[in-house]
Amino acid sequence: MTAATIPGLDSAPTKHEGLLAWVREVAELTQPDRVAWADGSEEEYERLCAHLVEAGTFQKLNPDKQPNSYLALSDPSDVARVESRTYICSEREIDAGPTNNWMDPAEMRGIMTDLYRGSMRGRTLWVVPFCMGPLNAEDPKLGVELTDSEYVVVSMRTMTRMGAAALEKIGDDGFFVKALHSIGAPLEPGQADVPWPCNDTKYITHFPETREIWSYGSGYGGNALLGKKCYSLRIASAMAHDEGWLAEHMLILKLISPENKAYYIAAAFPSACGKTNLAMLQPTIPGWRAETVGDDIAWMRFGKDGRLYATNPEFGFFGVAPGTNWDSNPNAMKTIAAGNTVFTNVAKTDDGDVWWEGLEGEPDHLIDWKGNDWVLRETETKAAHPNSRYCTPISQCPTLAPEWDDPQGVPISAILFGGRRKTTVPLITEARDWQHGVFIGATLGSEQTAAAEGKVGTVRRDPMAMLPFLGYNVGDYFQHWINIGKQADESQLPKVFFVNWFRRGDDGRFLWPGFGENSRVLKWAVERIEHKADGKSTPIGIVPTAADLDLSGLDVNAADVDEALDVKVDEWRAELPLIEEWFEFVGEKLPTGIKDEFDALKTRLAEES
């Protein structure tokens, strides 16, 4: 079909010539049956959900258990981000750097254009306008996703400010990021569809200079909801580098002292390391409270007062289900229980509820994430996929900070870097200054999780928890962080801390109880900001003793806390060649400032007896 004969092209609710021309071009290439413009309304959402139920993609859950909620089971080959198929196609290979897959942009466009040709046949091309961050921000970051997946349209309504209001912001000539997505599963006339269409060939491609995203073959979250990692981190990090701000893989937490003073903390952890749990923290120390601003992504800019302000560009939570329960994260459970949730790849109970590993109560019988019968103590496989998800509106979170949607953002007092390490890294360490903090973030390591492909359990370097999400060269990224610090008075900058909730004893036990008790560790960080707490200078930074932490009412072995805080010089000396190897991998663009910090660490460790 030509553009003239594709229904929906001539009834567009916009006069934006660039947008109209792009939609027309994509429609002619992909050959959908029709074009539809998503308006983000409740009526549209309900209509699409009903259609997805009819198609077998969604199963409606028991409204008494999970109101207005649905379960989707993906194709078993389409369950996580596909880092091996994710590309940063900058004009020059050096600008993608050693951590990214690169291909010449012209070559990639050629390959993907061939894949897109006719890829939407038998389907609807949805035009999905969206805004990352508050619509009334001074510089709203806008985008339009073209997709042939109704699952994506429904999820984008939850995860972004999507629809007519975003289209209005784009106006008749506004800039927007072009995000093109196709599941790559055309339907011939009369051909039956499958519940989760996708393609064995997958590409998730970013063109940083032109601010474009092209995704093909996957219907799964991070590969298909292009406002999430693709825009909010990969493209936004390139924008932030050019414009002098930070786009980071961080939660934003509001911690409130008994004196009613608020401290905003941004924290970077690799996927599945407790980011959402910390974002929805329930402090166990009397008088302390916490509220949630965001659980995954923080965009940080300097305010007029010289402080760093953060906004959460997202509109919902796309959380990992396994391990989430009423004990580990009651606020996430309350958010989900409010309804309006799309679950992907969790198990279904016989009474139409959902279940996953770690959730209270083990049902005798389930339908697992592959649609098969699962019997307690008989079935050996997991009922829910380790990377199964819930997609739910942020507005339902009972601990949501009232200012979460403030276009100015919230002033950040502390930045935490943390990963999952069994040894070496203490419970908390304070960086000596901003540049030392950048070094800590640059050397962050974590054990591999199920949220990405790869062998679970091996430690990989994950700088600032951004390894899979950098839109440009990692060395330039480190230098950008150092430069950000030079833009401000050191006294105005957030203090930087390094945390590790996951240290284990020789017998394999966790040394620290974690979860709500982490508020005790954050209290020390806040008291360091206020110059009220002591700490011990060590070769790796300033570390509290057990006496510096508020452990009142905590049933924990004092020796365990001492061990959790211990700086073992031998373990750190063993870490040095691993850091050296990582920096060699980063290559020629490793900043001098980072090399200086590394040399200083080596010297301090050598001086220890």
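Glycine is treated like the rest: Cβ placed from N, Cα and C.
A 10 Å cutoff on Cβ-Cβ distances gives C273 (active site) a total of 24 other Cβ atoms nearby, all chains included. DSSP classifies C273 (active site) as coil under the three-state reduction. Feature annotation from Swiss-Prot assigns active site to C273.
For R81, Y220, G221, G222, S271, N387, S388, R389, the entry in Swiss-Prot reads substrate binding site, with the evidence type sequence analysis. All chains included, 23 other C-beta atoms sit within 10 angstroms of the C-beta of G221 (substrate binding site).
Note: H249 (Mn(2+) binding site) has non-local neighbours L233, A268, D296, I297, M464, A465, M466, F469, i.e. same-chain residues 6+ apart with C-beta under 8 A of its own C-beta. The feature Mn(2+) binding site is assigned by Swiss-Prot to K229, H249, D296.
Sequence-distant neighbours of E517 (GTP binding site) (same chain, 6+ apart, CB under 8 A from its CB) are T284, L554, V556. Here Swiss-Prot flags A272, C273, G274, K275, T276, N277, R389, R420, F515, G516, E517, N518 as GTP binding site, drawing on sequence analysis.
S388 (substrate binding site) carries neither a helix nor a strand DSSP state and counts as coil. Fewest other C-beta atoms within 10 Å: among the binding-site residues G222, G274, that description fits G274. Between the C-alpha atoms of R81 (substrate binding site) and F515 (GTP binding site), the distance comes to 26 Å. Taking each of the binding-site residues Y220, F515 in turn and counting other Cβ atoms within 10 Å of its Cβ gives the largest count for Y220.
In this structure the alpha carbons, written CA, of T276 (GTP binding site) and R389 (substrate binding site) are 12 Å apart. According to DSSP, E517 (GTP binding site) is assigned to a helical segment.
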